Amino acid sequence: MSITDILSAEDIAAALQECQDPDTFEPQKFFQTSGLSKMSASQVKDIFRFIDNDQSGYLDGDELKYFLQKFQSDARELTESETKSLMDAADNDGDGKIGADEFQEMVHS
């Protein structure tokens, strides 16, 4: 499976363009521009599984750092502050990782 099986390459490119400079990544804006926020819960969880490198069922800080690169391989890494903000936005139970349900809730919030 490729991420472009779910999201259009054009929408992904537009979303990445909006946050190409360090410290400009805004999760909700990215989810809207990429089309992710319009996807069903099932489709969002498919994207989650694609981002979950080690297939642990959770996204940790290292996986979040490379979040944008899962959408396009030559995208930049998230900065430390962007990674922390993304974690804080989704980690509802405070366990230091993001589960599939937490990710889906963040995308659709």
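Quick reminder: no glycine exception, Cβ is built from N, Cα and C everywhere.
These come from Swiss-Prot:
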BINDING   ASP52, ASP54, SER56, TYR58, GLU63  Ca(2+) 1 binding site
BINDING   ASP91, ASP93, ASP95, LYS97, GLU102  Ca(2+) 2 binding site
DOMAIN    39-74  domain 'EF-hand 1'
DOMAIN    78-109  domain 'EF-hand 2'
MOD_RES   SER2  N-acetylserine
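Summary: among the recorded positions (SER2, SER56), the fewest other C-beta atoms within 10 A of the C-beta are counted at SER2.
For GLU63 (Ca(2+) 1 binding site) paired with LYS97 (Ca(2+) 2 binding site), the C-alpha to C-alpha distance reads 10 Å. For the domain 'EF-hand 2' (78-109), DSSP puts the residue distribution at 19 helix, 2 strand, 11 coil.
Confidence in the domain 'EF-hand 2' (78-109), given as mean pLDDT, stands at 96. Using CA atoms as reference points, the recorded positions SER2, ASP54, SER56, TYR58 were checked against GLU102 (Ca(2+) 2 binding site), and the closest is TYR58. When the recorded positions SER2, ASP91, ASP93, ASP95, LYS97 are ranked by how far their Cα is from the Cα of SER56 (Ca(2+) 1 binding site), LYS97 comes first. Residues ASN53, GLN55, GLY57, LEU59, ASP60, LYS97 surround the recorded Ca(2+) 1 site, their Cβ atoms falling within 8 Å of the Cβ centroid of ASP52, ASP54, SER56, TYR58, GLU63, which are themselves excluded. Apart from ASP91, ASP93, ASP95, LYS97, GLU102, the Ca(2+) 2 site neighbourhood in this chain, defined by C-beta within 8 angstroms of the site C-beta centre, holds TYR58, ALA90, ASN92, GLY94, GLY96, ILE98, GLY99.
Note: the Cα of ASP91 (Ca(2+) 2 binding site) and the Cα of ASP54 (Ca(2+) 1 binding site) are spaced 18 Å from each other. Long-range Cβ neighbours of ASP93 (Ca(2+) 2 binding site) (same chain, at least 6 residues apart, Cβ-Cβ under 8 Å): GLU102.
The distance from the Cα of SER2 (N-acetylserine) to the Cα of ASP52 (Ca(2+) 1 binding site) comes to 13 Å. With the fewest other C-beta atoms within 10 Å around its C-beta, ASP54 stands out among the binding-site residues ASP54, GLU63. Spatial neighbours are here defined as Cα atoms within 10 angstroms of one another, and by that definition the neighbours of LYS97 (Ca(2+) 2 binding site) among the binding-site residues ASP52, ASP54, TYR58 are TYR58.
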